[in-house]
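If you look up TrEMBL, you'll see 96-130, 131-165, 166-200, 201-235, 236-270, 271-305, 306-340, 341-375, 410-444, 445-479, 480-514 marked as repeat 'PPR'.
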Amino acid sequence: MAAFINSVSPIVHPSVEQTRKCSGFSWLVPHVHSFPLTKGFSRVLASTHMAIPPTDTVFTIPNWRRGKNDGRSKDYRLNDAFLYMEYMVGKGHVPDVGNATQLLDDLCKLNKLRKATRVLEMMVSSGTKPDAALYAFLVNHLCKKGNVGHAMQLVERMEEYGYSTNTVTYNSLVRGLCTQGGLNQSLQFVDRLMHKGLVPNAFTYAILLEAAYKEKGVNEAIRLLDDIIDKGGNPNIVSYNVLLTGLCKEGRIDEALAFFRNMPSQGFNPNVVSYNILLRSLCQDGRWDETNELLSEMVGEERAPSIVTYNILIASLANNGRVDHAFAVLDEMFNGPFRPNAASYNPIISRLCKEKKVDDVIRCLDQMIYRQCNPNDGTYNAISVLCKEGMVKEAFTVFRGLSGKQNSSSYDFFKNVISALCRKGNTYPALQLLYEMTKCGFTPGCYTYSSLIRGLCMEGMHNEAVQIFCIMEESGYRPDIDNFNALMLGLCKSQRTDMSLEIFEMMIEKNFKPSETTYTILVEGIVHEGEKDLAFMVLKELHAKQVISLSTLERLVMQFGLETLLV
C-alpha cells in the first residue's frame, strides 16, 4: 500500500506512451471529468431546435421520454437532458420545477443516483424550491442502494441551504448506517443527531433493535430495548415486533410464542404484523395446529388477516407441495377483499418449476397477467428454478413468451431478468439463460456484464468473476470502467481488497483511466478490512494528489466516522 501512495502523481494529459510505461498505481487522473459540455449540448440543441432563453428565465428540459423505446436510446436521451439542465443552470437560468422533478425521479428509477443528487442540488442553487417529500425520497433511495455517504452529504448540503431535516429523513440515514457501518457506528451517529436536536422516535428505536439482533443476536437487542426504556425512550409495537422477528429467525419459536403472549403485559396488544411473524415461522416448522389456532384469533381491526397473511399461507402450502390448496387460497383471496400480487403467485410458480410442469407454469403466468398482476424480480427467480432442474431451454422459452407480453423492449426485459437473478444469488442460472439468449440475438451490454460480475462476487466466485472479462473480450466486447468498478466493488465487499488491487493493475495495463469512483471503492475496501487508519492515510494522499475531490473526502470521513483522525 505504501508503494501505491508514493507512486501517485497527477498527470494532466498523459500520453499513450506514458501510460504504457506506468504500472500499478503510478498512473492517476487528477480530476474527474464529466462528458464534455460542448459535445453534449451541441447535439441536444441541434436536435431540439430550442433557443437559449434570457438569463434568469424558467426553461423546460427537452423531452427525454420521446423516441425509440430501447434501453440504450433512453439512456442517451436521459443523459442529454441532464447535461442540458446542467448547462442552463450554469448560465443562470431556472429549471421548471415539475420538469426537473420528473427528471430526478427517472434518474432514481434507473439508479443514476449521483446525477439525481446533482439535479436536486441544481434546483436549490438556482433558487427553485424542491418539494420536501422529493428531498426525503432521494435520501431514502440513496440509503437503500448503499450510498449512505452520498445521502449524508446531501443532507448536510440541504441544511446549509436552509432546508430542515426531519426525523423521517434522519431515520433513513440511521437505517443505511446500520446496514453498512454496524450497530456501534449507528448508535454514535444517533447520539450526534440528538446533540443537533433530533428526537428519536419509535421507528429510530426499531431500526437500531433490528441492527442489534442481526449483528449481535436477539438477547443483545432485548438488552438494548431495556436501555432505551431506562433512558426515557418510548418504543411502540414496532420495536416489540422486531424482537419477535429476531426470536423467530433464531429458531426460538417457543420463546417467541411466550414473548407474543406476554406483550399485553408490556402495554402492547399484538397486531396483524405480530401474528404474521409467528405464522410464517409456524408454517415453516410444519406446526399446522398452532397455525390454525392463531388464524382463528385473527379478528378485529388491528389483527384481521392482511394480504401478507394470505401470501404466507400460499407460500407455505406451495413449498410443501400442496399446490392445489395454494390455488384454492389464491382464488379465495381474489374473490375477497384483497387483490393478489406477484408475491402471491411466485411461490406457486417456483413449485411448479421444481416439479417440471412447464405447461402449468405458462398457464399460471397467463392467469397472473390476465388478472393484471405484473411479474416482478421474484417471478423471474421462480422461473429460473427450471434451470436448476436441467431445463434451461424450457426456461428460456417461458421467458421469451413472457417478454412478448411486456411493455418494455426485449433488450430491456432480458437485461432486467439477468440482473434480477444475479441480485438473488442465482448467477449460474443467469449465465445459462444468457447463453440461450445470445443464440437468439440478445447482445449483453455493460449493465448485464456488471450484474454478472456483482452476482459472482456476492456468491464468493471471485475467480469466475474475473473470467467474465475473458468472455467479454472473446465476444468482441471491450470492458469499460464501469465493469472494472463493478468487479472491484464486489471483491472489496467480499473483503478481498487484495484481489481488487490486482484488478486495478490489470485495468492500468489495459490503458483504462481510473475514475474517482474507482479510488473511492478501494478506500472503502480498506475500511471494510478493518484498517481505518490506513484508509484515512490513503484518502488524504489521494486528495493531496488531486485524484479524490474534497467533497468525496468529506463524504467518506462522515460515512465511516473518521472525524477523530482529522485531528
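A Cβ is built for glycine as well, from the same backbone N, Cα and C atoms used for every other residue.
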Q. Are there residues at least 6 beyond the ends of the repeat 'PPR' (271-305) whose Cβ is under 8 Å from a Cβ of it, and what are they?
A. 237, 240-241, 244-245, 248, 253, 256-257, 260, 263, 312-313, 315-316, 320
Q | For the repeat 'PPR' (166-200), distant same-chain residues with Cβ under 8 A (at least six beyond the ends) | A | 135-136, 139-140, 142-144, 146, 148, 151-152, 155, 207-208, 210-212, 215-216, 233, 559-561
Q. So how many of the residues in the repeat 'PPR' (166-200) end up helix, strand or coil by DSSP?
A. 27 helix, 0 strand, 8 coil
